[in-house]
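To keep things clear, I will list the structure first and then write my remarks on it.
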């Protein structure tokens, strides 16, 4: 068994090396060059700030900022300058005076970058803020240059997005819509071959979720989806409807029906070629050749998909139409509080502020390791904390053992620096938290002993200190997040499920009333998909097999909630 695990680990390592070598090497060289240039521009006291921005640049790719770069530049600048000012105040003021400043800054950062139904971004920002306090503090006299450095970092984040994510929306549309088209083609092939229909609607839903994430992130404002974004969502929804219509197709496949299905299949394949830029126009779609209701419905849905694809590719539809809703409603939509975010921000913000206060009052050497552990282990759902705690402890033991051995054998500062750089480079090849944090532990231990500690017992003692802080941080997080102030996945899922049901009901009422604001409609549709995705993720993490059927009623309401649309655009050839 042990040999099999070793062979499996070796195989995974070879695969990771082969797949990631080029990207990992180029990215590592970029990081080294960026940190060096940053230190030259803003002084050695800001070199580690450059390291912070290499972390934030990579983490920012979880979001798409390319649609509104100026808005995101202003947001990033405001957040980063706030972090610099608060960190300077925390280090310059006395511990008790710094406590409220630290608490407010932590709560604001945590709330801003924690999301109810999307991947969180809080950790790299909290980690960067704690770095500014414990690893790169500056006196008030150095704050102006630090703020300039933070503004340069904000520019770097947005430029990194524009370079690395410039084709993200096109790739997402081609991949997700292409996958749904392939599912529809497979379904048609099975029908034509008399083999029934493959039942894999969840794959279609997953692609709809990915499309919704992309369009939602590219909003110009809270109620500000572009017409091209409308079309992308409609294309995915109409393709899902076409597949469901194929599932529901009844009766034998005669010659007339077979001919119509072949025409629809040919048109879907043309759609895929259009998405892949292999053709630049879509010829007009004639009237359906048969009068059978089911086949006419299929034909009309295919026409709707064609209209969606043409609108999606038309540069004229990249504009964002104004909402008809009043300012009060828009502000309510923008400022609506989330209980998950509020509870997490207050709980962890207070916990980190008190831990920082304790480190300052007691003058704990290397006390930053305690604060970093609390920040890492304190997750939004209390259910996830034990698993994360085990991973951090295992990574500390593994990385610490390797680091202690290497640094005991390599007494020179140059050799230890090389080991630290190598450990940083190897993090690119690990997909798990244990692997990446194990490498980080080697680097952190090296940073603690780089000054010239050569005694193996002293190196081992440093490892023991780090391990003690990690254990203490885990104990504090477990006590506060699971005992004193718990907020578990079941509670969050129940609240999100109620919100999902309300959103589906609201969509249904809007469409039945006949007068709907398009921005509000599409925003609710996007949120419905994001909520469903998060609910299914929570169910998978907790092993709740019975949740999916409970969502079906609301899912059907979202599917049926349609605004009337004109399809004349598909009756004329259009160019990309």
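Here, residue 1 is simply the first one shown, and the rest follow in order.
Positions of Cβ are set from backbone N, Cα and C atoms, glycine also.
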(request) May I ask you to indicate which of 305-326, 371-392, 393-414 is given in TrEMBL as transmembrane segment? (result) 393-414
(request) Out of 463-485, 486-508, 509-531, 532-554, let me know the one TrEMBL marks transmembrane segment. (result) 463-485
(request) Return the stretch with the most CB pairs under 8 A relative to the transmembrane segment (122-140), choosing among 21-42, 99-115, 146-164, 342-362. (result) 99-115
(message) As a test: from 99-115, 146-164, 342-362, pick the stretch that has the greatest number of Cβ pairs under 8 Å with the transmembrane segment (21-42).
(response) 146-164
(message) Within the same chain, where does the transmembrane segment (99-115) have neighbours whose Cβ lies under 8 angstroms from its own Cβ atoms, ignoring anything closer than 6 residues to its ends? I mean 6 or more beyond.
(response) 79, 82-83, 86-87, 89-90, 93, 121-122, 125-126, 129, 133, 340-342, 344-346, 348-350, 352-354, 356-357, 380
